[in-house]
Amino acid sequence: MSPSNKGTVLALILALTMVVVNGFSSRFFVEKSSLTVLNSWEMGAKHDAAIANFGLPKYGGFMIGSVVYAGQDAYGCNSFNKTFNTKSPYPKILLIDRGVCNFALKIWNGQQSGAAAVLLADNIVEPLITMDTPQDEDPDFIDKVKIPSALILRSFGDSLKKALKRGEEVILKMDWSESIPNPDERVEYELWANTNDECGVHCDKQIDFIKNFKGMAQILEKGGYTLFRPHYISWVCPKELLLSKQCRTQCINQGRYCALDTKQEFEDGYNGKDVVYENLRQLCVHKVAKEKNTSWVWWDYVTDFNIRCSMKEKKYSRECAETIVESLGLSLEKIKKCIGDPDADVENEVLKAEEAFQLGQENRGIVTIFPTLMINNAQYRGKLERTAVLKAICSGFKERTEPSICLNSDIETNECLIENGGCWQDKRSNVTACKDTFRGRVCECPVVDGVQYKGDGYTSCKPYGPARCSMNNGDCWSETRKGLTFSSCSDSETSGCRCPLGFLGDGLKCEDIDECKEKSACKCDGCKCKNNWGGYECKCSNNSIYMKEEDTCIERRSGSRSRGLFTIVVLTAIAGISLGAYIFYKYHLQSYMDSEIVSIMSQYIPLDSQSINQDSFK
């Protein structure tokens, strides 16, 4: 390529930098995890660590490990050819110094030595920075890095080395549980991408990720658990280069929105203008689909486009794209209207909004490379892989609001399966206060079959409310003997246990009261008392009847006198009813019938003054 072409390309690259510098609120963010010293010289002290942009950070989780220093191989630029042993039962966290070789190689060598995680100690005094992969190369081992790693400040690294040199054991907790903000029950995330499929390894990784993550993304979006937005990086052509061949082939709308041709073949094949045009179309596909409340269709479109309209197969065209749009039932006219005229000297509202997002805001960093994933305004760090990204998204839900897909055993450990998570449980009723969450577990008294349990969730949970006795008898005493059951739980009371009548105790344990022995009942003269479980029997002498409520005996009368008295009462009642019926007929019913007869006869026989004295009919 000629020197003039090189200068033009350099100017285009620097254009973004100029925009970034001029953006008042734009800045780069370092995504961090937390380190806590669990023993040794500064127990409980917390430190920040910068998450590496490769490997697999444990988003939403944590790990505890014993720190080991690499010693004479401190830089870790060559294979250690050994494993680092410690007396601690915890996994090994290898401490390596920064310098000499790239970050990723150090972490790879640490993983090969058996380390569960790697800490890189900075070798200069500076704020934390993000460890990234080499830009001019992409070694094969990058995708094989599976462990988490982080950069720490030089001062903290020096403190760790001194403690280890003194022979102290250093136990650290590496915590990613708050690395992704988790404010509510919906996660908002965005993917900064590019439609160019001939830009090398980065493009291939992006295409593979979209294809593999599509199913999960659509489940989350359809369920209303997430809000997804696609974004595309664009550049600005400097005004002095607007008429150059480079700007004309890489930009639309008179140099306002450009996509660099990484091959720098400005006259052959596809160029940046084609790419930024398709970027805009994909943004419009999402916009139109969202208006139909089917925003997840974007994943179908992009997946199909990568398969059917590939640059490598010379099918990257407007016609191919529009065929996919129509096959998905989207309005082609609305999408064309959204795209507008790419040759017009006007701003495009969709791409203008993209520039604002790209420059970042006060609470989020600037985006300069693709693919970049943002989750709740935090930049995702690590390998762009389906399960790893799902873990990061799941860590963005407020605890106990995550969807079931986040509690799959493939991506999280159910802590309730190990010693019930340290929470209260009732094995008899199979009720537990342990609730599995993506970031761990919570101990919270449950609601079972409409019955609310109350307590601290760790050592105690008791059923509460009207139906509490249906759950393990409300944790109250209950016993059955010879088919007879007594309980100290009452549905009329919302809490507490009270021994029933005939028993004495605290409600958790009740003992039968011997009323006969204590002479609390059957105290009448000549009575004989017999104690039963939960009660007693009392018999009177001389064939008398025992009245329990009064605790007394009454004389039983002879059968003949009783029958005679009963007969007299019945006959008297019958006579009274007959007399009442006769009086009713005589004075009320007869009067009513007389008036009815007068009314009927008046319709057929003329009567004096249209009335007849009722007495004349009596």
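Yeah, the Cβs are placed from backbone N, Cα and C, and that goes for glycine too.
Quick look at what Swiss-Prot lists:
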- 58-164: domain 'PA' (DOMAIN)
- Asn81: N-linked glycosylation site (CARBOHYD)
- Asn293: N-linked glycosylation site (CARBOHYD)
- 412-462: domain 'EGF-like 1' (DOMAIN)
- Cys416-Cys434: disulfide bond (DISULFID)
- Cys423-Cys443: disulfide bond (DISULFID)
- Asn430: N-linked glycosylation site (CARBOHYD)
- Cys445-Cys461: disulfide bond (DISULFID)
- Cys469-Cys489: disulfide bond (DISULFID)
- Cys476-Cys497: disulfide bond (DISULFID)
- Cys499-Cys510: disulfide bond (DISULFID)
- Cys540-Cys553: disulfide bond (DISULFID)
- Asn542: N-linked glycosylation site (CARBOHYD)
- 604-607: motif 'Tyrosine-based internalization motif' (MOTIF)
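In the three-state DSSP reading, Cys510 (disulfide bond) counts as strand.
Applying an 8 A CB threshold to same-chain residues 6+ apart, the list for Cys445 (disulfide bond) reads Trp424, Ala433, Gln452, Tyr453, Lys454, Gly455, Asp456, Gly457, Cys461. Ranking the recorded positions Asn293, Cys434, Cys469, Cys489 by the distance of their Cα atoms from the Cα of Cys510 (disulfide bond) places Cys489 first.
For the pair Cys434 (disulfide bond) and Asn293 (N-linked glycosylation site), the C-alpha distance works out to 37 angstrom. Cα of Cys469 (disulfide bond) to Cα of Cys476 (disulfide bond): a span of 8 Å. Note on proximity: among Cys416, Cys443, Asn542, Cys553, the recorded positions of the record, the Cα nearest Cys497 (disulfide bond) is that of Cys443. Secondary structure from DSSP puts Cys434 (disulfide bond) in a beta strand. Annotated pair Asn81 (N-linked glycosylation site) and Cys416 (disulfide bond), C-alpha to C-alpha distance, rounded: 39 Å.
Considering only the disulfide-bonded residues Cys476, Cys540, Cys553, the residue whose Cα is spatially closest to the Cα of Asn430 (N-linked glycosylation site) is Cys476. Annotation: Cys489 carries the greatest number of neighbouring Cβ atoms among the disulfide-bonded residues Cys489, Cys540 [cut-off 10 Å, Cβ to Cβ]. Put simply, Cys499 (disulfide bond) is 31 Å from Cys443 (disulfide bond) when counted between their Cα atoms.
Checked against Asn293 (N-linked glycosylation site), the recorded positions Cys416, Cys489, Cys540, Asn542 differ in C-alpha distance, with Cys416 being the nearest. Rounded to the nearest whole angstrom, the C-alpha distance between Cys489 (disulfide bond) and Cys476 (disulfide bond) is 6. Using DSSP to sort the residues of the domain 'PA' (58-164) gives these counts of helix, strand and coil: 29 helix, 23 strand, 55 coil.
DSSP assigns Cys443 (disulfide bond) to a strand in the three-state reduction. Shown in sequence order, Gly526, Glu555 are the residues of the chain, 6+ apart in sequence, with a C-beta less than 8 angstroms from the C-beta of Asn542 (N-linked glycosylation site).
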